[in-house]
Structure formats: structure tokens, C-alpha cells
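Structure record follows, encoded as C-alpha cells.
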Protein chains: 2
Amino acid sequence: MKLLQDTVRREGIVLNDQVLKVDAFLNHQIDPAFMLAVGKQFADLFAEEAITKVVTIESSGIAPAMMTAMQLQVPLLFARKHKSLTLTSDIYTETVYSYTKQVSNEITVSKKFLHPTDNVLIIDDFLANGEAAFGLARIVEQAEARVAGIGIVIEKSFQPGRQKLLDAGYRVESLVRIASLEKGQVTFVENNVMQP
Amino acid sequence: MKLLQDTVRREGIVLNDQVLKVDAFLNHQIDPAFMLAVGKQFADLFAEEAITKVVTIESSGIAPAMMTAMQLQVPLLFARKHKSLTLTSDIYTETVYSYTKQVSNEITVSKKFLHPTDNVLIIDDFLANGEAAFGLARIVEQAEARVAGIGIVIEKSFQPGRQKLLDAGYRVESLVRIASLEKGQVTFVENNVMQP
């Protein structure tokens, strides 16, 4: 997705070999026109999948998931993140480890909003180790719903998340794939839209 | 806003005299068509204000603020919530007390995204005591920007937030105003769109 690659080059700040700061357009300040283009792209990519629900995780996933759900004309459901939790019987919960923040979060979704008939598109802003995507997928599967695919705005392709998700049988579509952040530079994976 | 009143009546769950559960359409599962209508309404109400930026707070404010920013064709900025914080020089920070969760959060916004020339519309999902709205307003004013107004999806008019914000000189527009949640019933303030 050329627009997104251009935005990443122009607005992204490479903090080090592992971290790209995107708070100018993706996870703090958001450009709505840009986010609308992201939503359209995901809706196009998964147009044949008869998606019934878009699922994401607070907070940075909400904007791209909202725009995707609007294009697909289906509800959006965002999982809540908690440090710890008193378990109740009316929620699905999974533990997700964040390598960036080095903390485990419980993520939860109310049982009443996921059903076995649902065909779910998971959307997230970043893919690195795949922890969040796997956590969301496990919640969808707890509900006996189907994961139709996983849509990622920015994939750090030098980390193992994508391969782990593919190995587990999921369809993964990342709008931008970053091969490397070395030497303070963003290098994209060539032929960005191809599956490996 | 008739559509929103109908949705509140149909999908809202009155937990007690103080708490209305809206996780079916506003702060867990989200209906994009409904949220688009919310955004259009805010954009219409503040059309004359030459808004340059929409500011909200994670997580439930993001969806309505995103749709409002899209209609106004301006950037959205969402404040981050933290339990505690090492202060750094490049952020604005304010303390916001949540009566619901009985916890104080630091909310932060990066200085680089708010400027004295900004004319800011603050959007939030709920207004009760006004703590979050005041916290966001103080951050906007730290940046010497102007608060053009405050747009609220659901106002609990039996709590003091609205009056406190009006007394402080802010323009407040709430799409739905709830007079009471007593006896398990939602009663709306009559003539919903009027300022008191």
C-alpha cells in the first residue's frame, strides 16, 4: 500500500533497530483520511470472506478496525485489556504478553457479542511477535467462531509473528511490511502485498 | 438525537440508579453506522467553529472522535491513560479521577501535536462528573490552544459534570441527556438539544 509506505517514511521515527514510532498518524494522533484508506484496503482484501464481525484490541487497534468495520458494514468489537481480573462467567479471557512493555495483560470479550456463526476479521495496528493476534484468535475460537483472517497495518517482518500465524493456518494481510529498521532507516519488504 | 435515544432505550442496560451499560453499541461492541451518525451530528453542531483538531481520551472516546474528525476533515488526537508516570519534558500531563473506577489516572498528550493556533473540539463517550473533560481541557489550555467546545455522546444529566463545564465557560453539546436511571428506566431530559 503505497500511501501507507509513504506515510511511514515521512512520519515514522526509527527509535532503534526494533522500534518504529508512529504516533504522528497511527497510535496517538490519527489522520482520518489515511485511516479511511486503511479501512478500505482491508475491506477489499477480505471482500470475499463474508465477514460478520471485526475484532480488535484497545486502544490503537480501534481506529483502523472502526474504519474497516464501517466499510464492511459489520459491527466492531474491541477486547478490553486489564492488568488482572476477577473471572466472571460471562466473558472470554486470554493472557497476552507484550514484549514491548514486558507485561502480561488479560484481554476480555463479553460472551454475548461472539457466536459460533461469526466469521471474524481480526485487525491490529502492529504485528511483531503475534501475541495480541494469537490472543484475539483464541478468544474467537473459544466462542467457536471462525477466524477468517488477520489484517495488520504495519508488520515488523524481521520478527516472528507473521510466520507463527501462517504456521497456525491463519490468513495474514499486512498493509506495510518492514524488513528492517537498521541504521535508522525503514526498509520495506519487496512486493509488499504478496504472501511469502 | 432520536436515533441515539432509540438505541439507548433498546440496547442500554440500566444496572442501577447511577450506571447505564452501553457495551452493545458504544464502548465494547460498536455499530459503525450508528457511530457515523454520531460523528455527523457533532460535525454539524460545531460546523461554525473552524475546528482544527479533535481531542479525546482512550479507549471509548476513540470511535466517536474518529468519526467526528473524519467528518470535519481534521486530525484526531487521543490522550493516553496511565496509572503513574515518569514525567518527561515533551508531554502535557493532567490527573483525572474516575468516580466509577475510584482511581486516578495520569492522562498525557505529546506536546508536538497541540499548538497555540489549534481550535480544539473535545469528544467523549460519557459525561458524569466532568473529570475527563476538564482534564482534556486543561491539557489543551496548557498548549495555549483554544477549547472550542465539548461534545458528549451520553450525558448523565443528574450528575454535576455539565453544569461545572458550563460554569467554567465551555460550550457543551450532548447528543443524549439522561435525566434519571431510577426504577430501572431511562428517562431523557426533555427537549434534548437545548442548552439549560
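Keep in mind that glycine also has a Cβ here, set from the backbone N, Cα and C atoms.
Just so you know, TrEMBL annotations are computer predictions that nobody has curated.
The shown structure was predicted, so the numbers you read here are calculated from the model rather than taken from an experiment.
For reference, TrEMBL has these:
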type: BINDING; residues: A:L20, A:N27, A:K156; note: xanthine binding site
type: DOMAIN; residues: A:32-157; note: domain 'Phosphoribosyltransferase'
type: BINDING; residues: A:A128, A:N129, A:G130, A:E131, A:A132; note: 5-phospho-alpha-D-ribose 1-diphosphate binding site
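Using Cα positions, the member of the binding-site residues A:L20, A:N27, A:K156 nearest to A:E131 (5-phospho-alpha-D-ribose 1-diphosphate binding site) is identified as A:K156. The Cβ neighbour count for A:E131 (5-phospho-alpha-D-ribose 1-diphosphate binding site), using a 10 Å radius over every protein chain in view, is 20. Annotation: A:N27 carries the greatest number of neighbouring Cβ atoms among the binding-site residues A:N27, A:N129 [cut-off 10 Å, Cβ to Cβ].
In the three-state DSSP assignment, the secondary structure recorded for A:G130 (5-phospho-alpha-D-ribose 1-diphosphate binding site) is coil. A:K156 (xanthine binding site) is 10 Å away from A:G130 (5-phospho-alpha-D-ribose 1-diphosphate binding site) when you measure Cα to Cα. Looking at A:L20, A:A128, A:A132, the binding-site residues in this record, the fewest other C-beta atoms within 10 angstroms of the C-beta turn up around A:L20. Here the C-alpha separation of A:A132 (5-phospho-alpha-D-ribose 1-diphosphate binding site) and A:N27 (xanthine binding site) works out to 16 Å. On its own chain, A:K156 (xanthine binding site) has A:Q18, A:L20, A:F126, A:L127, A:A128, A:I178, A:L181 as residues at least 6 apart in sequence with a Cβ closer than 8 Å to its own Cβ.
Between the CA atoms of A:N27 (xanthine binding site) and A:N129 (5-phospho-alpha-D-ribose 1-diphosphate binding site) there is a gap of 18 Å.
Residues A:V96, A:Y99, A:L127, A:A133, A:F134, A:Q159, A:G161 surround the recorded 5-phospho-alpha-D-ribose 1-diphosphate site, their Cβ atoms falling within 8 Å of the Cβ centroid of A:A128, A:N129, A:G130, A:E131, A:A132, which are themselves excluded.
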